[in-house]
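Peer 1: Let me begin by handing over the structure; questions about it come next.
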Amino acid sequence: MDTRKNLKELIKSSSNIVFFGGAGVSTESNIPDFRSEEGLYKTKSNFSYSPEVMLSHSFFKEHTEDFFDFYKEKMIYKYAKPNLAHHALAKLEKVGKLKAIITQNIDGLHQLAGSKNVIELHGGVGRNYCMDCNKFFDLNYILNNKEVVPKCDVCGGIVKPDVVLYEEPLNMDNINNAVRYVENSDVLIVGGTSLVVYPAANLIHYYKGNKLVLINKSSTPYDRKAQIVINDSIGSILGGIVEELGY
């Protein structure tokens, strides 16, 4: 069975596609994922705590300077550019085929590629808010701030990135929005995620159709439920297909 050809036909024939993606979408933009052998959780660093600990709400509260040291070094990739997957998805949205992108990533590369309807389950590095007065700050304010801990230029409060840390709940509006898109989609393409991070991985259970596509370099717990499984680079697969279709 030519899975790539089948995916091409699905994309060609559908105008109600939803994409759900994880860290593997951005690894081709040289942003490391979390759980692979080269991922953030496996590689050695100069920090005294594990990434899981440092990316927790309690660590942010108790060791705010250490949090920002880690965050600025390991979570922000200001020179990263959208890759073939990001551009392909933006084109599919532009021609009216893709209705929403649901992402676990915080890098903002989908928007940089031109995608409009992006649901960021774990937040985004481009949004930062004063914890006291709620003033908005962009990423440059964090990067260019001379202090390790960025402070609000109005009230002096700590400026916290709008990313979901461990021990923090996901935004229920985003979850409900994502569920609605998944439930109503004709084709659900899941890419670059091992589907082991909950509650985000639960989204797949809301899909009611019979055109589930999984594109990931390694197998996932949901492979047997999918109509199409492709263990390959999501950028080369989606990028190639979208180019062939002339979108």
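Using N, Cα and C of the backbone, Cβ positions are placed for all residues, glycine too.
What Swiss-Prot records for this protein is below:
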- His122: active site, proton acceptor (ACT_SITE)
- Ala23, Thr27, Phe34, Arg35, Gln104, Ile106, Asp107, His122, Thr193, Ser194, Asn216, Ile234: NAD(+) binding site (BINDING)
- Phe34, Ile106, Asp107: nicotinamide binding site (BINDING)
- Cys130, Cys133, Cys152, Cys155: Zn(2+) binding site (BINDING)
- 1-247: domain 'Deacetylase sirtuin-type' (DOMAIN)
Peer 1: If I take the Cα of His122 (active site, proton acceptor) as reference, which of the binding-site residues Ala23, Ile106, Asp107 has the closest Cα?
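Peer 2: That would be Ile106, the closest of Ala23, Ile106, Asp107 to His122 (active site, proton acceptor).
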Peer 1: Please tell me which one of the binding-site residues listed here (Cys130, Cys133, Cys152) sits closest to Thr193 (NAD(+) binding site), measuring Cα to Cα?
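Peer 2: Of all the candidates listed, Cys130 is nearest in space.
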Peer 1: Which residues does Ile106 (nicotinamide binding site) neighbour through Cβ under 8 Å, counting only same-chain ones at least six apart?
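Peer 2: Ile106 (nicotinamide binding site) has long-range Cβ partners Met75, Glu120, His122, Gly123, Gly124, Val125, Val163.
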Peer 1: Counting across all protein chains shown, how many other Cβ atoms sit within 10 Å of the Cβ of the residue listed as 'active site, proton acceptor'?
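Peer 2: Result for the residue listed as 'active site, proton acceptor': 19 other Cβ atoms within 10 Å.
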Peer 1: If one measures from the C-alpha of Cys152 (Zn(2+) binding site) to the C-alpha of Asn216 (NAD(+) binding site), what distance in angstrom results, rounded to a whole number?
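Peer 2: Per the Cα atoms, Cys152 (Zn(2+) binding site) and Asn216 (NAD(+) binding site) stand 41 Å apart.
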Peer 1: Going by C-alpha positions, which of the binding-site residues (Cys130, Cys133, Cys155) is nearest Asn216 (NAD(+) binding site)?
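Peer 2: Closest recorded candidate to Asn216 (NAD(+) binding site) by Cα: Cys130.
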Peer 1: In the same chain, outside Cys130, Cys133, Cys152, Cys155, whose C-beta lies within 8 angstroms of the Cβ mean position for the Zn(2+) site?
Peer 2: Met131, Asp132, Asn134, Lys135, Asp153, Val154, Gly156, Gly157, Val159
Peer 1: What average pLDDT is reported by the model for the domain 'Deacetylase sirtuin-type' (1-247)?
Peer 2: 92
Peer 1: Going by C-alpha positions, which of the binding-site residues (Ala23, Gln104, Asp107) is nearest Cys130 (Zn(2+) binding site)?
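Peer 2: Going through Ala23, Gln104, Asp107 one by one, the Cα closest to that of Cys130 (Zn(2+) binding site) is Asp107.
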Peer 1: What three-state secondary structure does DSSP assign to Ala23 (NAD(+) binding site)?
Peer 2: helix
